[in-house]
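As written in TrEMBL, here are the features:
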type	residues	note
ACT_SITE	114	active site
ACT_SITE	117	active site
BINDING	245, 281, 309, 352	Mg(2+) 1 binding site
BINDING	281, 284, 320, 322	Mg(2+) 2 binding site
Ligand code: XLS
Ligand code: NI
Ligand code: NI
């Protein structure tokens, strides 16, 4: 894995964040809201810089495209100045300027976007393709100027009304073909921008009632669609990772990519396991009644932990609230899984999170990302301390020690028949179960949170 460099500050023709300079690390005692308290990109943790461990990315859609603050009851409250231009391409170029000014000041090494985040799609396929090509050139220039790289891009196959019944899983073939055209253009943009991953989030790939749905056909079509995309991507030189982002519901009642386990089964069944990994989003995990760490562990167990969409849900509300992550104890458990899996390779930590509707100042975008980055940085320090100290790992190893040698090891090798197992059991009752020590282990996490040095 190559070492990432700091971003070079960038301002376009006009500055959108004029009062704000590059965000510096000032340490835990700083009272400057526009400084990092923990995230020190150059600090070494387990032999790697924080920048290289966490591989932060900003999500274009939540922070720069036109929808900030809208909800089912009212329009946007955040009037982004870069979105005021009237023609689509100048609006898009100013948006790119704002995004790269923001990201370079924040000091993130990566960004992520949907095709229609960078430019409105227009009213024909040809217009869409032309605009995306032009914006790919604009983005490439800004990547070059700042050193910021593309973590992933994706096709928005869910907002346009043509996708109301699905994209790859639409009952009408002409819509499936239209979706494929979008993915083709997005893969070309990805390769031109040197993307590290390419994401599929099945926004409308699901059903709202079984009464009108052929779920088997729809899922076979999804697999055929993904195979065609993989083959095309590889044929034009995409060497990165294809990622599927599970989510159980919203916007459809039931989404086929329900959770990590469902997607892993699907990928294996469809012969796609070699090219695809998972992009795990915290808030999608909780919507599926799992913890973030559970989804990460499930992906890691299948060797498919690719990347993460960092955010948090609301403990009371049952939808994707996409709040910025701030819950450090929760993140410690997530980072333990990530470090246990050897860290990210092509993936990273993408903030798929948005400001609350009442947070209407551009400065709020900085506060939100700074808080998320500090929370992850602290979780990284604490998780690393727990790993260095080793008790958790040692406890878990010890708990399974009966499989390390002798009959337990023979069982794991598949050498013991059911009859042989019965004979072993006839020797007497199993020994009294040892304690699982859950409370003790939970206390270790809290103790590490309290005692791990900040720098
Ligand atoms: C929506 C998803 C989406 C994907 C990219 O819930 O999180 O934002 O990350 O299409
Ligand atoms: Ni997401
Ligand atoms: Ni989401």
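Just so it is clear, glycine is given a Cβ too, placed from its N, Cα and C backbone atoms.
Remember, predicted model here, so these are calculated numbers, not experimental data.
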Give the helix, strand or coil assignment DSSP yields for residue 117 (active site). helix
Ligand 3 is in the model; which of the recorded positions 117, 281, 320 have a C-beta less than 6 angstroms from one of its atoms? 281, 320
Cα within 10 Å of residue 245 (Mg(2+) 1 binding site): which of the recorded positions 117, 320, 322 qualify? none
Near ligand 1, which of the recorded positions 117, 245, 309 have CB less than 6 Å from any of its atoms? 245, 309
If you count Cβ atoms within 10 Å of the Cβ of residue 117 (active site), leaving out that atom itself, what do you get? 24
Taking ligand 2 as the reference, state which of the recorded positions 114, 117, 281, 309, 322, 352 have a Cβ closer than 6 Å to one of its atoms. 281, 309, 352
At 10 angstroms around each C-beta, which of the recorded positions 114, 284 has the fewest other C-beta atoms nearby? 114
Based on Cα distances to residue 114 (active site), point out the closest of the binding-site residues 281, 309, 320. 309
Which residue, of the binding-site residues 245, 281, 309, 322, 352, has its CB surrounded by the fewest other CB atoms within 10 A? 322
Centre the Cβ atoms of 245, 281, 309, 352, go out 8 Å, and tell me which other residues of that chain have a Cβ in range of the Mg(2+) 1 site. 201, 247, 279, 280, 282, 283, 284, 308, 310, 311, 350
Starting from the Cβ centroid of 281, 284, 320, 322, which together make up the recorded Mg(2+) 2 site, report each further residue of the same chain whose Cβ lies within 8 Å of that point, ordered by sequence. 247, 282, 283, 287, 309, 311, 313, 352
How big is the gap, in Å, between the Cα of residue 352 (Mg(2+) 1 binding site) and that of residue 117 (active site), rounded to a whole number? 13
